[in-house]
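Asks: Here you go, one structure.
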Amino acid sequence: MRIDIVTLFPEFFVSPLQCSLLARAIAGGVCNIAITNPRDFAADRYRTVDDTPYGGGAGMVLKPEPLFAAVESLPIIAPRAVILLTPQGRPLKQVFLRSLAADYAQLVLLCGHYEGVDERVRAHLATHEISLGDFVLTGGEIPALALIDGIVRLLPGTVGNRASLESESFEDNLLEYPQYTRPADFRGWQVPEVLLSGHHAQIAHWRREQQLTRTRERRPDLLPPEA
């Protein structure tokens, strides 16, 4: 998969892309990540990418010309999605991450900034609009990193044990069951006996019940009414 990041702050991504899973995925050829700065496509010598909003109002709005030019300069690998990271977008869900990882060969991530982007970018350039939640960040760089991390770990060749992905939170619309490791007794807090029993059917049943209980308590919105 190719992932293109369109951002005014390329340096924001330098360290994260050189660490841990993302670094291994890039080095292993699982994904190719490129960064493009819209300032390189500005029409004036000041590299202007924003302007005041028509009709008045606070803040500055990202101009359409540099963003369109930046995206249009990229190679096209079909199928491709152009994703605008914005608080007005649909909340990011695991099911959408799975869809992106499975259905697309190229993702173009548009990182908004300042007061927002010209509406024509939303209407005629972006194919999707995604938000991390009901809060506002300085720009789209942090959401872009979250999206990249969530997608890349789903690509074949990134995570060694694919079975571990199937038991995580939000797979099957349930939160993950509690996890324990050694020691079995820490400060009097003991690992549940069933996990020490070696009885795989009982362990599977316990984990399923824990998933349901934890989801009911913390995220009942994930469950169907009859659950």
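Cβ coordinates come from backbone N, Cα and C, glycine included.
Pulled the feature table from Swiss-Prot, pasting it below:
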BINDING   Gly112, Leu132, Gly133, Asp134, Phe135, Val136, Leu137  S-adenosyl-L-methionine binding site
Asks: Of Gly112, Gly133, which of the binding-site residues has the most Cβ neighbours inside 10 Å?
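Replies: Checking each of Gly112, Gly133, the winner is Gly112.
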Asks: Max CA to CA distance in Å over the S-adenosyl-L-methionine-binding set Gly112, Leu132, Gly133, Asp134, Phe135, Val136, Leu137?
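Replies: That value is 16 Å for the farthest Cα pair.
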Asks: Among the binding-site residues Leu132, Val136, which residue has the largest number of other Cβ atoms within 10 Å of its own Cβ?
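Replies: Highest number of other Cβ atoms within 10 Å: Leu132.
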Asks: Cβ atoms within 10 Å, counted per site: which of Asp134, Phe135, Leu137 has the most, among these binding-site residues?
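Replies: Highest number of other Cβ atoms within 10 Å: Leu137.
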